[in-house]
Each structure stands twice: as structure tokens, then as C-alpha cells.
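Undergrad: One structure, as C-alpha cells, below. Some questions next.
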Amino acid sequence: MVEKQAVGEKAAEFVKDDMIVGLGTGSTVYYTILKLGERVKNGLRIQGVPTSKETEKLARQIGIPLVTLADVNKLDLAIDGADEVDNQFALIKGGGGALLREKIIAKASEQFIVVADSTKLVQTLGAFPLPVEVVRFGWEMTAKHMRDLGCVPRLRLLEDHTPFITDNGNYIMDCHFQEIKRPHELEVALNMIPGVVENGLFNHMTSRVITIRNQQVHMITP
Ligand SMILES: O=C(CO)[C@H](O)[C@H](O)COP(=O)(O)O
């Protein structure tokens, strides 16, 4: 079994009857969602809150009942992937462009489980360019302010060279910082820039990381 499948399926074991569950986005949590679909068919009673249109489509296809944030006060659990996880449990997310909804849903959840294959674990964040969601108006100026924080921002493009548009109608700038020594400070500083909607640094949110160590599923908690 590949690592993504092993950690993704393990996370589904934390979901119990009557939970409201945040459903993340990406190729690792995909396996969690498939497993939950199977369990729902076998009688598990849950309601899911999807973090993207892509996840919403998948969840509907496999029969997971869905609700929106307007219908709930909080979520019991959110499960999602990550692009990088450091040893303080800080994350870079947003490789799939869903970081804004992912962060809103993680913040609304009592527990946030991260599913990450062994390649995602790093000492220091930053080798993976940090995704930042920005409004389209004046994005060039927003990028200039980001550059002043020490990164090289690139507008995310599709294969046909048109800009990638998020589910919220915004652009993504992928910002190469090399090394992010103080992720919390950077998270706050980026969000102070006019035009920035949200960035992919997730600090102090992770309840548990499910990963692979010595070819075995391994769980780490802060
Ligand atoms: O943040 C994300 C999407 O916005 C994903 O969780 C992250 O990119 C990891 O994806 P994958 O599991 O496909 O490696």
C-alpha cells in the first residue's frame, strides 16, 4: 500500500457516529474520504463539510451527507493533507489551492488531523513555495509587498498559461522563501498586506499528524 493511502485510511478510524467532519482536499485525504464513503454505506452516521468544490463533488459521488458552515456551530474533527510539516507541527498547505476554506474549516474544528506521507516532514518550512490567496485587483502591487517580506512570489498558472482561480474567485501566489524560521510571525505579516486573503501557513492548529516512519503508520501529537 502506498504511503498516502495508508495514512489517509488510518485517519478515517478517528471518525465516529454523529460527528461533523471537515473533509480536506488533495491526494492523501482522498483515501480518507473514500474510506469514509465505505463506512457510511455500512451505517456510519456523519455529516461532512467539504474544503473545496473538488472534495464536495467526490463526497457527493460516494454518498457522504454534507452540510455547510451555516448549519453548524463547530466541527468535531477536520482531516486534511499538508505540503510540509515541521517539528513544531506548523504546516504549509495550499498546494491544491484550497487553503482558505481549509483554514476556515480547520479553525472551526475541535480537532485537526493532518495526513502526511514521509516526504512531507521537514526540519524547517520553506522548500515548498508558500501558497498565498490574493484578490485579483492590484495583485501585482500585492506581490511587491510580499517581495518586501523576503520571498519570490509567482502567480500560479494553469497549463494553458492562464491564472489558476480558486474556488473563491481569487489568484494564488506561490512564494518562495527558502527557509521560514518564524512561521507564526510570517503568517501574521502576510495577512497584513492589503490584497492578501489568506496564506497557507497553519500554526498552532494541528492536533495530530499521521505519517509513515520505518514503513509503518506512525502518529505524532504536539
Ligand atoms: O493543502 C492542500 C490543498 O490545498 C493539500 O492538503 C496539500 O497540497 C497536500 O496535498 P496532497 O495530499 O495531494 O499531497
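Backbone N, Cα and C define each Cβ position, glycine as well.
Just so you know, TrEMBL annotations are computer predictions that nobody has curated.
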Undergrad: Looking at TrEMBL, which one out of K53, K120, K144 binds substrate in the same site as T25, G26, S27, T28, D80, G81, A82, D83, K93, G94, G95, G96?
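TA: Looking through K53, K120, K144, the residue TrEMBL assigns to the substrate site is K120.
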Undergrad: Using a 10 Å cut-off on Cβ-Cβ distances across all protein chains shown, tell me which of the binding-site residues (K93, K120) has the largest neighbour count.
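TA: Result for the most crowded candidate: K93.
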Undergrad: Measuring Cβ to any atom of ligand 1 with a strict under-6 Å cutoff, which of the binding-site residues S27, K93, K120 qualify?
TA: S27, K93
Undergrad: Give the sequence-ordered set of same-chain residues, not counting T25, G26, S27, T28, D80, G81, A82, D83, K93, G94, G95, G96, K120, with Cβ within 8 Å of the centre of the Cβ atoms defining the substrate site.
TA: G24, V29
Undergrad: Within the chain of G95 (substrate binding site), which residues six or more apart in sequence place their C-beta under 8 angstroms from its C-beta?
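TA: In sequence order, the residues whose Cβ lies under 8 Å from that of G95 (substrate binding site) (at least 6 apart) are G26, D83, F128, P131.
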